[in-house]
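Novice: TrEMBL feature annotations, pasted as is:
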type	residues	note
BINDING	G375, K376, G377, Q378, R379, G380, R387, T388, G389, K390, T391, I392, R418	ATP binding site
COMPBIAS	48-76	compositional bias 'Basic and acidic residues'
COMPBIAS	92-106	compositional bias 'Acidic residues'
COMPBIAS	113-123	compositional bias 'Basic residues'
DOMAIN	256-332	domain 'Rho RNA-BD'
REGION	1-175	region 'Disordered'
Amino acid sequence: MALLRRRRNESTDETTSIAGEGDLFGDLAPAGEEKPPSDPSETGETEASEKTETAEKEAAAQGEERPGDEAHDRSEPPSGESVGAEDAAPADPEEVAGEAEAEEEPQSAPQKVQRRGRRRKIKVAIVKDGERQNGNGHTRKPVSQAFVPPISPPPNAEGVGEEHTPPMPSVDARGPSRIERLATWIHELVKPYRPYRMILPNDPAGITINELILLDMKEIRGIAEYLGVKHDDLVAFRKQELIYEILKQYTHRGGNIYAYGALEILPDGYGFLRSPQNNFLNGTDDIYLSPSQIRLFNLKTGDTVFGQIRLPNKEGERYFAMLRVESINFTDPSVAQQRIPFENLIPVYPNERLDLETRDGNISTRMINLFCPIGKGQRGLIVSPPRTGKTILLQQIANAITENHPEVYLIVLLIDERPEEVTDMQRNVEAEVISSTFDEQAKNHVQVAEMVLEKAKRLVEHGHDVVILLDSITRLARAYNQTVPTSGKILSGGVDSNALHRPKRFFGAARNIENGGSLTIVATALIDTGSRMDEVIFEEFKGTGNMEVHLDRRLADRRLFPAINIKKSGTRKEELLLAPMELQRIWILRKFLNPLDDVEIIEFLIDKMSKTKNNEVFLNSMNTPLVPNEGM
């Protein structure tokens, strides 16, 4: 480079003298042959390389600095080696377009030789990765950022490798193996946060928007850095904006992106997939489904749709759009076209029990298993005064179902609850936790509950067993009372006469389907709150369920848990759920416990059941006399 600057600054006479005494290309022509043209664009790549070597030799002979030492050292990499970012991103993108270059401004021969060598070098760097980018045989124009900074994989990620992940070669270089490794990496990262029974087709060969939403900000920034998002954007962008940039860079590398959610069809005929991570409320990450797709697959509101999506790429588009539907309600899309509507399915009494006994021998679920068993399709109420342990009891029921019945799709619906209870439920229960906390509007409570109910109905239509644990139906009825149009007829406690119809429809949807799936709803109802409205709501639901568990405040005040009132608790048609021998022994036990006080009953049961590891051993011990405070 010093030679180039010096030759530009020399006068015309000096330049003529140098050219006359010994031209840079003079030694290249053998005797009797014509010298090559001074314009290197008219020569081949071999001649240009030879001219470069001659120019360097002459410069060394004159005692001057060799032109372009650094450029010469990396003019052409050995086979199998990559080129630095400075070489792969030229100032003019047209330099890599083809073999024949446009005519350039006249300049000195050494400088043009160096530029020609750089063209050849760039071509090798981009094409050497294995295949050309365009089908017409020309290489793609490079974009502004050529390289992606590396990032270490998670410590125990399968398929990513134990060593440090090497950087991606360039933005334009597409590598399916690296795309698959990134998808595997994200699947491994999201496993601790993955929603319960998030049934995907064996972790698709791509990333899912729902998985990215579950990650924290640190992990999102790491993935964005891995994919080449600028450092300034990493700091300034919010989580949603970073997720969009990740998806944009990922699709640019040839990767596929997926999403799933519950479908909500709007009056205009099109629909959106509402994300469970957003509690089925409207959000910027909703997926658009066209009316033609809805008609093709006979989709309904509440259908759980999984498929490949695309980014908004047209002017005026604001949402992601569905490209290809992979599954509907975890089954093949063709099944949805032949399903029977939920209202036409035949309901029967529950005849299959949900076993709530766990390996740790939890006494609460063991008592429910004996005295008020829950079957598939049960419609149960947990009647509870404040601070009697209803939320803990729901957690124990949920964990027992997930342990003993992996085929059941479990949804925990928290309406008008405290945010810390939502977090506690998410961390302690392997279920799909959907919530609308007390600081949300009543219309959000209603929308969330309606979407959960419609989703459960669609799953039942496809033959799945679904369990909804609702906390609480009293607060849901309060939300409906605030949102329904006023009828002018006000019941006792300020309840509108039309307000309880929709919560009754929610609770009444629980049923066991003949030769099909089932929908089980276990809801909590509040009493003794000092509100007349709560009493009216409970009385309206009192006779609608076929299973009730009553919690006693006196037992909770004595710190006797579970605070279950055995005398008031029970299940209709329990003979369909219990074995004959088990049913006979439970009836004998009830007759024995009936004369006792509620406190004595629960103390007796806790004492005897804690000495046995399961209910079978407990019932077999009834061969001895049943006397309180004595051996059984």
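Placement of Cβ uses the backbone N, Cα and C atoms for every residue, glycine included.
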Novice: Most Cβ neighbours within 10 Å: which of the binding-site residues R379, R387, R418 is it?
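Specialist: Selected residue: R379.
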Novice: In the domain 'Rho RNA-BD' (256-332), how many residues does DSSP put in helix, strand and coil?
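Specialist: Taking the domain 'Rho RNA-BD' (256-332) as a whole: 9 helix, 34 strand, 34 coil.
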Novice: With the ATP site defined by the record as G375, K376, G377, Q378, R379, G380, R387, T388, G389, K390, T391, I392, R418, how many Å span the farthest pair of C-alpha atoms?
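Specialist: The span, Cα to Cα at its widest, is 29 Å.
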Novice: I need the least crowded one of these binding-site residues (G375, G377), counting other C-beta atoms within 10 angstroms of each C-beta.
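Specialist: Comparing Cβ neighbour counts within 10 Å for the binding-site residues G375, G377 gives G375.
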Novice: Taking the Cβ of G389 (ATP binding site) as the reference point, list residues of the same chain whose Cβ is under 8 angstroms away and which are at least six residues distant in sequence.
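Specialist: L551, A556, F561, P562, A563 - these are the non-local Cβ neighbours of G389 (ATP binding site), listed in sequence order.
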Novice: Are there any residues in the same chain, six or more apart in sequence, whose C-beta is under 8 angstroms from the C-beta of T391 (ATP binding site), and if so which?
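Specialist: T391 (ATP binding site) has long-range Cβ partners E421, M425, D471.
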Novice: How would DSSP class G375 (ATP binding site) in three states?
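Specialist: DSSP call for G375 (ATP binding site): strand.
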Novice: Per-residue pLDDT averaged over the domain 'Rho RNA-BD' (256-332) comes to what?
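Specialist: Mean model confidence (pLDDT) across the domain 'Rho RNA-BD' (256-332) is 91.
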Novice: Helix, strand or coil for T391 (ATP binding site)? Use DSSP.
Specialist: helix
